[in-house]
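Here's the structure, in structure tokens; my notes come after.
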Amino acid sequence: MRRWTVCVPATTANLGPGFDCLGLAFQMYNQVILSESDSFSITIGGEVRQALPNSRENVVVQAMDKLFRYAGYAHLAEGFSLHIDCSIPIASGLGSSAAAVVSGLLLANAWLERHSVEPLSKQKLLELATEMEGHPDNVAPALFGGSILSWWDDLGLRHLRVPVPDTLRFVAAIPYFPLLTEKARQVVPLTYSRQDVIFNVAQTARLILSLSTNRLEFLRGGFADKIHEPYRQKLIPGYAEVKKAALQAGALTTTLSGAGPTLLAWCLTSADAQEVADQMTMTWQNLGISCVAHILYPELDAPVVQMEKGE
């Protein structure tokens, strides 16, 4: 009996001004184990297990089925069991759906190899994942690790790694109310003024330059995004107060993590991050909103499927 294990990281998308094109992976993971079995089954552990289906409707299974169909081996979608341990909060802006998609694609690719079928390339996995998610900003760092810039041009979907100093610390302050991505996307306009577009282009260049040259002082003061955060913050009670508290406690900047409601504070040191986490949590709690804060490190390495031979 053989089994395959993969740990796929949480991610944050947009990084402020990089709407739908920039993302970063964190050292927080969902683990999925695929085992050879006579029949299909799925079990789920972790704090969010009650919110996830233990059937073929599960996103991990849907991603596996998508790869099998694309490769022309739909019949391989049997003969295995799955166990999913979820540590990434759902509907929080930390890429839980992207982690599920990437987990399924990586395990399905390993299952192809188990049946002597040539696995798909990482580029093709990125394309399939983006088809499922609708945009690459979470799935790209979930698949490759680190910070990834993704875009489309005449050559198709492309990506580049953006260097990230491993000394950066992030506080993910998560208020206890879900914010579905669909709802958060509905409030974002379809058109913008030329001035707002130019502003965001400059802010995105500033962000990438700061990270790639390790000149983190350029991060200080916050990124005044004009594409999505001004519209989404209205869906998040306490957004302005918590952001102000984070900056006053020593954060370099804050960004909305994905579509929210998680607010992400960027910090230079672990000590700064702890103080910022305490202040962000206290501010939300003073507003009558329960909150949990995680201090996260960048995950710079790509997830790898590990195969074990059992008895």
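Glycine is no exception: its Cβ is also placed from the backbone N, Cα and C atoms.
The following features are taken from TrEMBL:
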DOMAIN    58-146  domain 'GHMP kinase N-terminal'
BINDING   Pro89, Ile90, Ala91, Ser92, Gly93, Leu94, Gly95, Ser96, Ser97, Ala98, Ala99  ATP binding site
DOMAIN    225-281  domain 'GHMP kinase C-terminal'
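All features noted in TrEMBL, drawn onto the structure.
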residue: Pro89; record: ATP binding site; Cβ contacts under 8 Å, 6 or more apart: Glu47, Val48, Ser96, Ile174, Thr262
residue: Gly95; record: ATP binding site; Cβ contacts under 8 Å, 6 or more apart: Pro9, Ala10, Thr11, Thr12, Ala13, Gly23, Ile88, Asn138, Pro141, Ala142, Gly258
residue: Ser97; record: ATP binding site; Cβ contacts under 8 Å, 6 or more apart: Val59, Ile90, Glu133, Asn138, Thr181
residue: Ala99; record: ATP binding site; Cβ contacts under 8 Å, 6 or more apart: Val8, Pro9, Ala10, Thr11, Tyr29, Asn30, Ile88, Ala142
Any further residue of that chain within 8 Å (Cβ to the Cβ centroid of Pro89, Ile90, Ala91, Ser92, Gly93, Leu94, Gly95, Ser96, Ser97, Ala98, Ala99) of the recorded ATP site: Ala10, Ile88, Gly258
Secondary structure of Ala99 (ATP binding site) (DSSP, helix/strand/coil): helix
Sparsest-packed of the listed binding-site residues (Ala91, Gly93) - C-beta count within 10 angstroms: Ala91
